[in-house]
Structures are given as structure tokens and as C-alpha cells.
Amino acid sequence: MREERQSRKLTLVIVFIALLLDNMLLTVVVPIIPSYLYTVDDAAANMAKNHTTASPHTPSGTFQTIVSLYDNSVRVTSGGPMDSTPIPLDQAQAVSLSTSALTPHNSTEPDCPKADDQLLNENVKVGLLFASKATVQLITNPFIGPLTNRIGYQIPMFAGFCIMFLSTIMFAFSSSYTLLFLARSLQGVGSSCSSVAGMGMLASVYTDDEERGNAIGIALGGLAMGVLVGPPFGSVMYEFVGKTAPFLILAVLAVLDGALQLFILQPSKVEPESQKGSSLWSLIKDPYILIAAGSICFANMAIAMLEPALPIWMMETMCPRKWQLGVAFVPASISYLIGTNIFGVLAHKMGSNSKLDFSGRLGICCLLKSTAWLCSLIGMVLVGVSILCVPFAKDIYGLILPNFGVGFAIGMVDSSMMPIMGYLVDLRHVSVYGTVYAIADVAFCMGFALGPSAGGAIAKNIGFPWLMTIIGVVDILFAPLCYFLRSPPGREEKMAILMDSNCSMKTRSYSTQGNTEYEEMETEYDEY
């Protein structure tokens, strides 16, 4: 028993670290990419402009200054190669001042990009680049879920590490938009393997509802820490060290995580599930799973729209330093960490526990009153209200409260809905979790695919404030649907299995053959 408990703890640690590094790579690019691409595009535009306006020969009216180190004079040369005239040094200083005014100089003041078409176009480019990861992950997830049912969770987890390491190295050394786009897309495949296999592994090793809720809450804490550390870490390293440094550090940490997986999970072993899980289509048709997935999707779509659009809007309106572009997301990250820890610990009280009371052969199922739907409903409303407040900020300090509300509300939704996804499978389907957490990850990815891509185009055409208004209203309108998760019905035979494994049983019989009838019923469920 102690060895089994220790093994589960090590599994939780591995999933925690994998989600931490995956989401650090997800968010470390948020402050780097918009500024980096704008710098590259601006330099290219200026070079092209200078090339087209410059004449092939130097005009005769221009002059160059050559300072003599041997006498107090400066030779001023015209366009001719042999034409030079010495002038006194005091006159040369005046010339130097006049020419230096025409050349750019380094300053400690932040660079303030002009609110021109070039800056607005960055919304679309950055949005598409950010969305590529989630889009690829969205396409990959339906294949990873059934794959884990066939070969187990260990091999996909290790494959996710390998792909993420390759993506991190590409980010470090890529300088063109095409290579950065490819690196971001490749990260989507690795994230699909890590997240689906990791959450499915936790749901399979933690069979008790209370322990499962706690474990998923801790794992989401790793995700939250990655989101928390990523933006400030990336922005500070980018400004003071350079673009390559943060990705190389993440690559080293990824190698350590891979070594841990190699020795503990032993990914060479194929361990398929003992029973065949429900098909993907049957889970997608379940309206309760769709509502839970929709909550995850629309809640995360809010922060997904913020990631590419907020730094560009800050560059346009606030003139921030580079490190401030990442620090602006710190309140959301801290509050997300708080929210997932609070509601992850309480997840087993939010619909995960059930008590079943049987009367006669079929019995009557009485579920405890669930509050998961209420937490998700409040979280969706809070996301919408907080997002609506973001455009009213006049400086970086005005973003603290709205971003804090966004992060805390998303933490409420994620930590409530993730355990519910596993519980809905227990209650209404076969207790194999790879496919349902693939659906949860698809919902997450849809938010991060549609959010940046559509958000970038909306911000370019109608502005950042209208973008925040649209997603805020959508979240508020979706919130009432969470009420349907208040008491989801279950299949009778599945409810009996849950009763036998997790709940205390009370038998009530109105015939003298009650015990015999109950034994027959138990045999039928064992066969199922």
C-alpha cells in the first residue's frame, strides 16, 4: 500500500513538472514575440525605405568629418575623393552637433512605437502565430486520446517531452516568422501528448473522487505556475539577456523532466487499458460533457485573446518598457494559481461524491447537491466582467485588478470542470479517461486557437476595446448553461458500480428475498 501511494505521488510530480514546463513555453513567448516581430519588421521597413530613397552617388553638397588625432583640426571632405579642407576643432564641434541630431542614439527611455498600420498589422501576425499551437493541438488530440487507451499513458508522455524539447530549441535559434510559426505549431503536438496523457494518468491512478480532485488541483497548480512564471521570466530575460536565453533555460529543464520520466515511468512498456473505453463520438454527443467543455473553452478564450492583443495595445497606448509587457500578466497568473488551489482542493465536494440509496431491484439514486455548476457559473460571469474592465486601464497599474479577476475566475472554472469531466465518464460512460480528457484539451485548445486568430483580426479592424467587449459578453451569456450540470443523470448500472466502489450502500427490500435479489444484482454488475 505504501509503495502504491509513493508511486502515485511520483506520477503526480511528473505530471506537475510536465504541465509547468509546457505552459512556461506557452507563455514565455507572450511578451517576446510581439516586440521581437515588430522590431524585425520595423528594421526591414526602414532598410527598404532607405534603399529606395538613397541615390546611387553621394551628392556634392554633403560633407563628411574626419577628426585628426595629431592636431586640433578636422578635415571636411566633399563628394570628391581628394577634396578636403581643414577646419578648427571648435567649428567641428558645431558640425558634429548638427550631424548627431540626424542620427538615432541610445536612451534609457522606452521605445514608443507609432500607432500606424504596421503596428496594427502585428495583431494579425502575432495572433496567427499564437493560434497555430492550439490549432495543431486541436487536430492532434482526437488521435492521442484513443492512442492512450491502446498503449497506455507512459509512451505519449515521453513523446510529448521529446517534441517540446525540439520546439524549445527551434524557438531559441529561429529569427524568421516562418521558423517561429513552425516551432509554435510543433509545440502543439507535444502539448497534446503531455496534457492528455498526464490528466488521463492521474484520473486512472487516483480512483477515489476526493484524491482525484486534489491531484488534478495540484496538477493544474503546475499549469498555473507555468502561466505565472512564463511572461515575467520571458520579458526580463529578453530585455536584459536576449531572445535566446529563456528558451535555452527551458530546454535544460525539459531534459531534467525527460530523465525523470525515463527512470520512473519507463516509457518503453506498453500498458493498455484493461477495458475498452467509450468512443469519442459517444462522449461528444453527451450534452453534459459538451457544457463542461464549453465552459473550459470560453473561459480560456478570454485570456487567449488577451495574450497577443494586450501587449500591442499597451505599446500603442502606454509606451511601456519591454519587461512591463510580461509583468502585466502577473496578476492573472497569481490569481489563477490561487483559484486552482482553492477550488482544486474542494473539487471532491463539487459533484464528485455521490451517495446512492437503492429500493427494490432497480433502486433510486439520490445525488448530493452539487455546487460545481455554481462555481463554474460564477467564474464565467466574473471572467466576462473582468474582461470588460480591461480597456478602461490608463497605465500598467490599472490592469492589475481586471487581470487578477480574469485569472481567478478561470481558475474557478478549470478546477471545477476538470474533475467533473472524469466524474461524468464514471457516471454515464466507461471509466476510461484518455478520450474525455482529450475532449477537455480540445476545448482548451479551441479557446486558444480561435481566441488569438479571431482576436487579432477583430482588434485590427474595430479595436481592442470592442474585442474585450465581445468576449466578455459571450462569457456572461454562456454562464447560465452551467446550471444544467447541477444534477446530471447517470446510467443505472454505472451508478451501481460507483456505489459499490466509492459509496456506502444501504439496501432496502420489501420482500423476504431481499438478500438474494441483491446478490443477483451484484453479479450482473460484475459481469458488466
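Every residue gets a Cβ built from N, Cα and C, even glycine.
Lifted from TrEMBL, the feature list:
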- 11-490: domain 'Major facilitator superfamily (MFS) profile' (DOMAIN)
- 12-33: transmembrane segment (TRANSMEM)
- 157-183: transmembrane segment (TRANSMEM)
- 189-207: transmembrane segment (TRANSMEM)
- 214-233: transmembrane segment (TRANSMEM)
- 245-265: transmembrane segment (TRANSMEM)
- 286-306: transmembrane segment (TRANSMEM)
- 326-346: transmembrane segment (TRANSMEM)
- 367-393: transmembrane segment (TRANSMEM)
- 399-425: transmembrane segment (TRANSMEM)
- 432-451: transmembrane segment (TRANSMEM)
- 463-485: transmembrane segment (TRANSMEM)
Where does the mean pLDDT land for the domain 'Major facilitator superfamily (MFS) profile' (11-490)?
76
With contact taken as 3 or more Cβ pairs under 8 angstroms (pairs 6 or more apart in sequence), are the transmembrane segment (432-451) and the transmembrane segment (286-306) in contact?
yes
Any chance the transmembrane segment (189-207) and the transmembrane segment (286-306) are in contact, meaning at least three CB pairs closer than 8 A with a sequence separation of 6+?
no
Under 8 Å between C-beta atoms and at least six residues away from its ends: which parts of the chain pack against the transmembrane segment (399-425)?
199, 203, 209, 212-213, 216-217, 220, 224, 278, 283, 286, 288-289, 292-293, 295-296, 299-300, 302-303, 306, 310, 328-329, 331-340, 342-344, 347-348, 350-352, 372, 375-376, 378-383, 385-387, 389-390, 392-393, 431-433, 436-437, 439-440, 485, 488
Hey, which of 214-233, 286-306, 367-393 has the most Cβ-Cβ pairs under 8 Å against the transmembrane segment (326-346)?
214-233
Hey, which of 157-183, 214-233, 286-306, 367-393 has the most Cβ-Cβ pairs under 8 Å against the transmembrane segment (245-265)?
157-183
Which residues, given as numbers and ranges, are at least 6 beyond the ends of the transmembrane segment (12-33) yet have a Cβ under 8 Å from it?
126, 129-130, 133, 157, 160-161, 164, 167-168, 171, 180, 184, 187, 190-191, 194-195, 198-199, 201-202, 215, 218-227, 229-231, 233-235, 238, 243, 246-247, 250, 253-254, 257, 260-261, 264-265, 307-308, 311, 322-323, 325-326, 329, 333
Same chain, outside the transmembrane segment (214-233) by at least 6, Cβ under 8 Å from its Cβ: which residues?
8, 12, 15-28, 30-31, 198-199, 202-203, 206, 246, 323, 325-330, 332-334, 336-337, 339-341, 343-345, 347-348, 411, 414-415, 418-419, 422
